[in-house]
Structures are given as C-alpha cells and as structure tokens.
Amino acid sequence: MFYDDNADLSVIQGRHVAVLGYGSQGHAHALSLRDSGVDVRVGLPEGSKSRAKAEAQGLRVVTPAEAVEEADVIVVLAPDPAQRKLYKEAIEPNLVDGDALVFGHGFNIRFGYIKPPAGVDVFMVAPKGPGHLVRREYSEGRGVPVLVAVEQDATGKAWDLALSYAKGIGGLRAGGIKTTFTEETETDLFGEQAVLCGGVSALITAGYETLTEAGYQPEVAYFECLHELKLIVDLIYEGGIAKQRWSVSDTAEYGDYVSGPRIIDASVKARMKEVLGDITDGTFAARFIADQDAGAPEFAEFRKKSQEHPIEAVGKELRGLMAWVKSHDDDYVEGSAAR
Ligand SMILES: NC(=O)C1=CN([C@@H]2O[C@H](COP(=O)(O)OP(=O)(O)OC[C@H]3O[C@@H](n4cnc5c(N)ncnc54)[C@H](OP(=O)(O)O)[C@@H]3O)[C@@H](O)[C@H]2O)C=CC1
Ligand SMILES: CC[C@](O)(C(C)=O)C(=O)O
Ligand SMILES: [Mg+2]
Ligand SMILES: [Mg+2]
C-alpha cells in the first residue's frame, strides 16, 4: 500500500496538466489537483455543456487539442467509448516524447482501442469510488482509495509521477495499491456489473417487486429494500459484514444465514463466472462499443426502462418528505441516469 508519505507532491506540481472531460471523474481530478497547487487546464470541445461549469469553478478551459499541446501530463477522463476518437483526433497528433498519458480506468488500453507511442509514459490512477465522492472526500480532508498502474515507463520516472498524481487527488490519504491495467479493468468491470451496480440494483428491485406483488405497501417495500440498505451498508463499511451482524437482531442474523445462501446460491456464482468470462474475453467490451458506435440504442432502452420502474416514483415521493435526504450535487436531475 502507498500512502501520502510515499509520494512527493512537487513532482506533479512541476508539470502542466490537461484534464480532458469534466464529468464525474474529470471535475474531481481537475479541482483537487488545482487545490493541491498543480497547474491545470481543462480540455473540452467547443460547444461542450461542461464548459460553463468548469469556468464557473475557476478553471481555464481550452479545446482538447490545445490542452494537449500546452500540457505534458494528459489525463483522459472523457467517457470510455468517446476516448478512442478523442485520442485519434486531439491527443495523438499533439503528443511528444516525454509526455505522460493518464487514465482513470484501463478499458481502452486493455481492449486495444488506444495504442500510445513508445516515447510517452502511460499510467493509471483509478479511484475506487464515484467521482462526485472523490471530490467530496478530498474537500473534507479525506480520500478515496486508488489503484495505480504503469503500463509504459518511457522516462524511467513514471512511478514517481503516478504516485505524485495520486497524492494530488487525495487518493493516498486512503491508500493506493499497485496493479496492472489488465487487473484494474477486469476487476472494475466485474465489480460494477456483478456486485456494486448491476448486482445491487437487481437485488433491490427484485426484493421490492416481491413485496409489492404480494400486496404489501410500496412505501414499506421501498423503506425495507432500498432506504435501509444505506444504513446497513454504513455498518459494513465501518466494520465489515461482522459489524452489520453485530448490530442487527439475532432474528435477522439467523435469517441471514438461513436465507442469504438460498438467494445468492451456487447458480449465481456460476453466472458471475460467466460475466467475468465475457469481460476477460472481450465480449462485453465489443457489445458496449458496437452499441455506442450505432448511437447507443440498446443503452437508451435500458435507461428508459429502469427510469420508468415504480420504485423510482415511490422513492422520489418519499425522499421529498425527508428534508435530510438531499442530493449533494446541484447538477443532478432527480430520476435521470444521464449526465
Ligand atoms: N464515473 C466514475 O465515478 C468513475 C469513472 N472512471 C473512469 O473515468 C473515466 C471518465 O468517466 P466519467 O467521469 O464517468 O465520464 P463522464 O461520462 O462523467 O464524462 C463526461 C465528460 O466528458 C466530456 N466529454 C465527452 N466527450 C468528450 C470529448 N470528446 N472530449 C473531451 N471531453 C468530452 C463531457 O462533456 P459534455 O458535458 O459536453 O458532454 C463531460 O464533461 C472513464 O475512463 C471511467 O471508466 C473510473 C472510476 C469511477
Ligand atoms: C462502480 C462503478 C465505477 O467502476 C466506479 C464508480 O468505481 C464506474 O465505472 O463508475
Ligand atoms: Mg470502479
Ligand atoms: Mg468502472
């Protein structure tokens, strides 16, 4: 594990950084690096709706090509499917030997959509958390753990720079782990699909549907299967699964042992292995990129269907009645997954 004492902030402070993209991760990296005393400019296309936000937050915005030309550390934080074209059009023509190309996730390198030239450093600092929380934690003096990998060390100094960058966004306050682009990409895609996003969303929805279809009140089902999850996860975050079992009733703990494995049984684990297989052999990446290249019709349909689920309407109403449950993010539009 790497912590703040293992990195020298002056390394990244001595470079010129271009953050391309100002979404979930882009705004967090750009603002936290700026607050860590680093020279940062943001690269966004003319007409990008993020331009006004970055400027309002005190950052200088230029086009991606101008940003790459000015800088010697180029951070690729546009959406994964947009990175290939961004690289071809704005990054590759303006890269010079000695520059560093930085990623927040290894997708485009792991699946071969981007192939950097030999003379540049290529590294990754991948926060293990959503960008809005990466920024929130940094601002509150804490951090989100990061995975750090060097794919290409052209200058012989890529590790020092990568760790310095990780310190600049607050990642080494929480801890950094050395990894590879392959390990980060495959575990990250698996985690978000099987557990953190796909698995949890499907579990919540199935629980809610089971209760409401049996005639229980939707509001009771929402509190039981969604709202209380945060309170339970807070205990797991603080003290592992054991602490959750320490706080819940013996009735709940016994029911956990009896019924948990009936829900998440060996067949679920077998399907998790299939999901991991689709990730490692490139099936998932190819399906995602093909849909994006076709204008994302499958993605749009998935989003529409999930946003129309009754759990979202019930949740909106109930959250509106709890003054303390409010979004920390001014630009979040209630009920929409789109950024
Ligand atoms: N979201 C997360 O929390 C995490 C993301 N990552 C990784 O970080 C990277 C960025 O993901 P994320 O933050 O979700 O991305 P977002 O979807 O939030 O990125 C959107 C931003 O990118 C801009 N953008 C879109 N196209 C371009 C382009 N061609 N050139 C420059 N900017 C562009 C958008 O501008 P506009 O407003 O005009 O659309 C917007 O500012 C990915 O590699 C992802 O896997 C890693 C860990 C967690
Ligand atoms: C869990 C989703 C994630 O991998 C993340 C926030 O870490 C992502 O790609 O957004
Ligand atoms: Mg992740
Ligand atoms: Mg991810």
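Note: Cβ is positioned from N, Cα and C throughout, glycine not excepted.
In TrEMBL, the NADP(+) site is described by Tyr22, Gly23, Ser24, Gln25, Ser48, Ser50, and among Gly129, Gly131, Gly141 the residue recorded at this site is Gly131.
It is Gly23, among the binding-site residues Gly23, Gly131, whose Cβ has the fewest other Cβ atoms within 10 Å in the structure shown. In terms of C-alpha distance, the listed binding-site residues Tyr22, Glu192, Glu228, Ser249 place Glu192 closest to His105 (active site). Rounded to a whole number, the C-alpha distance linking Glu192 (Mg(2+) 1 binding site) with Gly23 (NADP(+) binding site) is 18 angstrom. All protein chains considered, the CB of Gln25 (NADP(+) binding site) has 27 other CB atoms within 10 Å.
Taking only the Cα positions, the spacing between Ser249 (substrate binding site) and Gln25 (NADP(+) binding site) is 39 angstrom. With respect to ligand 4, the binding-site residues Tyr22, Ser50, Asp188, Glu192, Glu228 contribute Asp188, Glu192 as residues with a C-beta closer than 6 angstroms to one of its atoms, given in sequence order. Along the domain 'KARI N-terminal Rossmann' (1-179), the predicted structure has mean pLDDT 98.
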